[in-house]
Amino acid sequence: MIHSGPREKCGVVGIALDDRAASRPLYYALYALQHRGQESAGIVTHDGFQQYDHVEMGLVGDAFDEADLDGLNGSVGIGHVRYPTAGSVDSSCAQPFSVSFKSGSLGLSHNGNLVNADEVRDALGAQGHAFTSDGDTEVIAHDLARNLLDGDLVRAVRRTMDRIHGSYALTIVHDDTVVGVRDPEGNRPLCIGKLPDGYVLASESAAIDTLDGELVRDVRPGELVVLDPDGSGYETYQLVERDRTAHCFFEHVYFARPDSVIDEKLVYETRRDLGRALWEESGVDTDVVMPVPDSGRAFATGYAEASQEAGADVEFAEGLMKNRYVGRTFIMPTQDARERAVRLKLNPIRSTVEGRTVTLIDDSIVRGTTSNQLVDLLRDAGAEEVHLRIGAPPIAAPCYMGIDMATRDELIAANQDVEDITDAVGADSLAYLSVDAIADALDESRADLCLGCVTGEYPYDIDDEATDRDVTRPSVDTPLADD
Ligand code: AMP
């Protein structure tokens, strides 16, 4: 059974410094990763004697005050921001997850989603482990704690990796050692950075930049990185090897910051290239090209550049202004409130729209609510035509790997073809980007990407879903072979 609890779409960080408290650098790094999760924020540190933690619901800026940061002793630690999942605001799933056990303490931050968490939880439950949440992170923490009882850290992580199946980028603090692990398919991102006085592991390189550090490289799929507790270096262990990766393309399209480098690609450049490809595949001549702020901006830049190079007489203009203070906490219990939210969030600039034909560019359509309302908004502001261009293929299937997308019923492209969607959102024309354009822009073969949400074929073995490769889940009941 696929784990039905909250999907962990999150940001993780881990730091080891020479002779300085890790709490503030962790706090700044979490700020840089805030876009990856706004529901809760937490830090766990270790000072060589004991573990300290502070985990709160809410944004990073609200979750910690000076006293909280001062109380987080030690020059090593990890942090986490958690994404809000529809309908569940549950502090039991806030992270990092901490456990104390016979041979020490453990803090764990997880980004991703296991597809066999329920099986592992049941097996651990049968051995006497009691769980306080329905999240899969606690499952990993308990399994790792169990393996640490009779093995060193590297061996324990290896054994846990043999047992869990799905996507995970983890940062872990075990006593005063910080490690990072990326799942064998490299589905979720994780990178290594060098700081003036230490090392950092983070979901995105933008967090390293914030600390005046330098990106060293991505953590390899299936690799464990162990930071030296004094911040002087790190060791790596290739614990699991697969012949294919399953990098999530949606990180590049929507989720990650444009100023981050993921798997050696600057996200902004990728989005610009995708915008150029969008023009090449489905360019339409209009007076103005306009992004949906902020998600469509890099795509619209590339699209406008390519169209101008092709000789189109088109203006790139901002026609929608965003109120940046409308956060995700805006309560939207009714359709009226949802529509009000779009009006509060985005307001057209009449003079760039009135009497003109418009190409409106966004990264993706999920439910279709945003596109529908923006097309209406632009028409009300006097646009003569509104053509919609989308920098991703139709999102037609759910994500089981950690991106909180929507259920199949809610996905407009799961149930309708492009013609129907064009009518539903009220656009004069609508075109999506092809899957091949995504693979080209990322310089990867389709086989090395996770394209589950657009193809309905997943790189993992998920009940009732098709898979695009030969996978079998590890059996959680089989005694583990000694290595
Ligand atoms: P929708 O209104 O449901 O069609 O959502 C599309 C809009 O939401 C686009 O502007 C996207 O940038 C944004 N979006 C895409 N994926 C997600 C996601 N997983 N979580 C939140 N917003 C998203």
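Yeah, the Cβs are placed from backbone N, Cα and C, and that goes for glycine too.
Keep in mind that TrEMBL annotations are predicted by a computer and have not been checked by a curator.
The Mg(2+) site in TrEMBL is built from Asp362, Asp363 plus one of Ser295, Ser307, Ser429, Ser434, namely Ser295. Taking the centre of the Cβ atoms of Ser295, Asp362, Asp363 as the Mg(2+) site, the nearby residues of that chain (Cβ within 8 Å, site residues left out) are Val253, Tyr254, Pro291, Val292, Gly296, Phe299, Ile361, Ser364, Ile390, Gly391. Least crowded of the binding-site residues (Asp362, Asp363), judged by neighbouring Cβ atoms within 10 Å of its own Cβ: Asp362. Its Cβ taken as reference, Cys453 ([4Fe-4S] cluster binding site) is surrounded by 28 other Cβ atoms within 10 Å in the chains shown. Listed recorded positions: Cys10, Ser295, Asp362, Asp363, Cys399. Those with a CB atom under 6 Å from ligand 1: Ser295, Asp362, Asp363. Summarised as a single figure, the pLDDT of the domain 'Glutamine amidotransferase type-2' (10-230) averages 94.
Taking a C-beta cut-off of under 8 angstroms and a sequence separation of 6 or more, Cys248 ([4Fe-4S] cluster binding site) has the following same-chain neighbours: Ser167, Asn187, Arg188, Pro189, Phe255, Met401, Gly402, Ile403, Leu449, Cys450.
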